[in-house]
Amino acid sequence: MRILVEIAYQGNNFLGFQIQQNGRTVQQQFEKLLQRMHKRHVRIHPSSRTDRGVHAIQQYFHFDTELNIPMSQWQYAMNRTLPDDIYVNNVVTVDDDFHCRYDCVGKRYRYKVYQAQHRDPFQSGLKTFIPETLDLDKMNRAAQQFIGTHDFTGFCSQKTEVESKVRTLYQSEIVKTDDGFDYIVTGSGFLYNMVRVLVAFLIEVGKGRHEISDVPKLLESKNRKNVPFTAPAEGLYLEKIYLDENELLKDFGNDIKIHRKKSLQND
């Protein structure tokens with residue numbers, strides 16, 4: 001039986017989602033829990049592999065089990081032993097050919113920034129602090145230049161090893177908040193550090209160090225040295241996973257192209 005689990009977690013005290021040799025990760029927490037339940041190793045397969053310090057409001061993984069536990073009991077059984085910085089929101093059965101990564105058709109990230117004269121210790125690890133005044137309207141117009149299908153070689157980590165760095169963004173916008181702004185971006189998939197590099201670039205736009213007209217040139221250059229900064233992980237949230245292409249079409253229109261993850265990596 002294949003089971004799909006929806007979870008949320010605060011990333012401050014994790015080295016990321018994926019198993020690490022010597023460190024606390026989200027995958028490690030769940031595989032330890034499942035091993036205790038099954039008396040054997042059980043591998044989980046996530047929709048996304050978030051980095052160190054990145055949070056998730058909605059994340060999924062699947063695993064296979066032979067245990068005869070009522071579906072209504074899985075959530076309780078997991079949450080009663082998980083640490084406080086992880087929570088299981090839902091557990092359902094899925095078809096045996098379902099794959100959490102390959103059946104993912106889109107993801108939405110939100111990057112949270114607060115602006116103030118002084119750093120707020122109660123925001124530490126949850127939002128990124130920027131004291132400078134920024135031109136949010138200009139940043140939003142620059143952000144919208146990324147909507148569509150582009151080669152994001154110049155806007156991802158140089159450690160990115162995937163062959164194709166072409167991704168499609170359906171949404172890219174700056175939204176003003178009471179204490180700063182959020183950057184919201186939805187796409188077919190994302191390269192290593194891509195969202196954080198986009199945020200860092202947009203902040204430079206807001207400071208007047210880049211122009212809106214620079215976006216097409218930087219995309220065309222495919223040179224990360226032209227966009228050298230990366231925003232901190234602490235403000236980044238994996239907000240939504242699209243497993244249903246009809247939901248994605250409803251949100252962004254029937255004319256968008258659906259991308260399957262069998263050809264996309266590093267997400």
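Cβ from N, Cα, C; glycine included.
The active site, nucleophile annotation in Swiss-Prot covers Asp51, and the record cites sequence analysis as its basis. Look at Swiss-Prot and you will find Tyr109 tagged as substrate binding site.
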### Task
Across all the protein chains here, work out how many other Cβ atoms are within 10 Å of the Cβ of the residue listed as 'substrate binding site'.
26
### Query
What three-state secondary structure does DSSP assign to Asp51 (active site, nucleophile)?
strand
#### Entry: DSSP three-state assignment (helix, strand or coil) for Tyr109 (substrate binding site)
strand
### Query
Who sits close to the residue listed as 'active site, nucleophile': which same-chain residues at least 6 apart have their Cβ under 8 Å from its Cβ?
Gly16, Tyr192, Asn193, Ala233
